[in-house]
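Peer 1: Below you'll find the structure I mean.
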Amino acid sequence: MKADIKKLTIMGRVPLPALLIMLSILLLLLMGVAIGVGSVSISQSTVWSVIGHKLSITHTPPNWSLGRENIIWAVRLPRTLLAAMVGAALAIVGAALQSVTRNPLADPHLLGVSSGAALGAIIALLHTGMILGVVTVPVFAFLGALLAMFLVLAVANFSSAHSAGRLILAGVAVAFVLTALGNLFIFMGDHRSSHTVIFWMLGGLGLAQWGQLWFPLVTLALGSGYLIYNARYLNAMTLGDESASTLGVPVERFRLMVIVVCALLTGAAVAFSGVIGFVGLMVPHIVRLLVGGDYRKVLPLSALFGALFLVAADIASRVLIPPEDMPIGIITGLVGGVAFVFLMRKKRNVSL
């Protein structure tokens, strides 16, 4: 048992700044690969030359076609950046929820937030039209996530509930109801549009555009910043409400704030990528197996591992069935199922 724990936590001895630098470099390299693969294959030298030219980092004359430049800059780079942001957001949300609920299975889906965001997006796509312009779907998904959060709090009677388990059960119930409502709105909508929405619900990054990336970027920066700043509180919350309160944590208020922040992050992610499972559930487990349970390490590393995972999944979605793009949610579900079984077997020897 001690040998297994030592083997799985060897990365915990590496200083956090060094880990962050190494993983950031790995993420940049993987993003370059993601930009280069697809129905039109583009070399890495061309990928980085175009990006450097567009950012005015390099001033060498272009030796590539305008078509390839548009593919790199207007299509694949926004998509890859969105994959990294969504993966980071979902992973850090899962880590935070697993702390405040003290449930290793907690993730954005557990509290019904993803289902609420999906419901809002479905209503916008099928029944309201683009009444707010290009931000209609993100705004409706964001509002749906907030609605789901408040429904969960109301069902759980959160102000007087001291059991995290009660909150989890309320989230599961609300998720079922909101998913059913989403299916109802799909059934009532235009059949051609419904087909597009069903494909979107499987998870995809094809709608990424430069003009919309600011929304998930700002949300990720603010939400992750708040959670990382309060990592010591999240460490205390894993000990239980009474112990956390003894250590000076305003338990109920802090848990509510974390849930609000997680709702914002999840709503922004679902608005642009559809419903993508597994990331928030499994990535934090993998990180804790590698570096231990200190949330000062778990949160930033979960964000980077989540970004790495979803960028890798996006690559797989484009190369498995060329020239079609497989919904990324299928990839994450398949990988997640196998990884979950593996980690459940390891749990006999290593505490998550």
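For all residues, glycine too, the Cβ spot is worked out from N, Cα and C.
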Peer 1: Any idea which of 13-34, 299-320 is down as transmembrane segment in TrEMBL?
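Peer 2: In TrEMBL, the transmembrane segment feature sits at 299-320.
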Peer 1: Count the CB pairs under 8 A between the transmembrane segment (254-287) and each of 73-97, 132-155, 167-187, 299-320, 326-344, then give me the winner.
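Peer 2: Answer is 73-97, with the largest number of Cβ pairs below 8 Å.
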Peer 1: When you check the transmembrane segment (73-97) against the transmembrane segment (299-320), do you get at least 3 Cβ pairs under 8 Å, counting only pairs 6 or more apart in sequence?
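Peer 2: Yes, the transmembrane segment (73-97) contacts the transmembrane segment (299-320).
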